[in-house]
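Here is what TrEMBL says about this protein:
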SITE      Cys168  site 'Transition state stabilizer'
ACT_SITE  Asp252  active site, proton donor
Amino acid sequence: MSSLQAIKYSRGKLEVLDQLRLPHSFHYDVVSNRSEAFDSIASMRVRGAPAIAIVASLGLAVELHHQGLAADSSSEAIAQIDQALDYLKGSRPTAVDLSNAITQLKSRIRESSEGTKEDIISAFIDEAEKIFAQDLTTNVAIGDSGADWLRRYAGATAETPVSLLTHCNTGSLATSGHGTALGIIRSLHSRGLLKHAYCTETRPYNQGSRLTAFELVFEEIPSTLITDSMAAALFRLQKDKANIAAVVVGADRVVRNGDTANKIGTYQLAVLAKAHGIKFIVAAPTTSIDLVTPDGSGIAIEERKNEELTQVTGAIVKEDGTIEQGSKARVATADQRIDVWNPAFDVTPAEFIDTIVTEKGAVEKSADNTFDFSRIMPERWAKVVTS
């Protein structure tokens, strides 16, 4: 198991790794209340759908642990926690894990509505800690399910290991540990079924080059970094030589028919994979599946500021090629007067996805190019879809 930790937590104390400083320096921010959790998420010092939900939940849990609530009744305590959770929901609106965690936390505190405000606070903290602990178990299960699927449908064996391409960062840095899409790569590698991992740089925020490349090197997984625009050439020139079997990505939101919102650039990889006969796999916990929204047209896409596309921050490289430790410089990569369109996510239609791998197993695409999640989520499906 990876020793990389994006989130360090013990009751009353939360530390979050500032991922904007990676891969050249490690710095943990202390997050002690809802405002600091919101800022950590919105500024993308922490990112990845599972990690976002965890930091929001635990950030408020730490605040409640130390400060309590200025409430005179249990109903007032619930209302104040609801208000705090609604505030946190606005930090990254596209990621459904955050919305699902908020719904789970609101439901849990209402189970304690007959008790004191201290009972309600205790219930909230217990549930937030449960969300944190469950995520790691979920990620390991996703990794195992994905490895099993690739062995069964892509011919991954010890004699013929496969290579995969991944996009953005979906590893230990985006979760409580192991990861989702990168977790599948990690599980394949541990079984001796991985030949090579390719990762895109993932413009404009470079989560692939800053974070995924760092994780792969840290784990000593054979890997190569490419620019986003090299994927087609990679598939055409290296597919057979490297035995490239699949593209595996994470998800910020999977809606009822299987349309998937993920980091910008995912959609084009799905189109390219289909054109080259390469499998396209989405790895996502069931908490990322939104059964309420019928299809991708209902997904709100966050747009980021211009400077994220026209400027870049990094460590200073000395003349001998080494990094000047502790250094940081921001430089312009484009004329600052140019107009910018900078959506953080795109939506990949279900027809381009071969399977969606969850902690409860892989869901295959139906004949009508949609996904039926009723088998792995029967209670939620019955409540939302058949009601």
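Glycine is no exception: its Cβ is also placed from the backbone N, Cα and C atoms.
On a Cα basis, Cys168 (site 'Transition state stabilizer') lies 11 Å away from the residue listed as 'active site, proton donor'. Sequence-distant contacts (6 or more apart, same chain, Cβ under 8 Å) of Cys168 (site 'Transition state stabilizer') comprise Thr200, Thr202, Gln207, Gly208, Thr212, Val249, Gly250, Asn262, Lys263, Gly265, Thr266.
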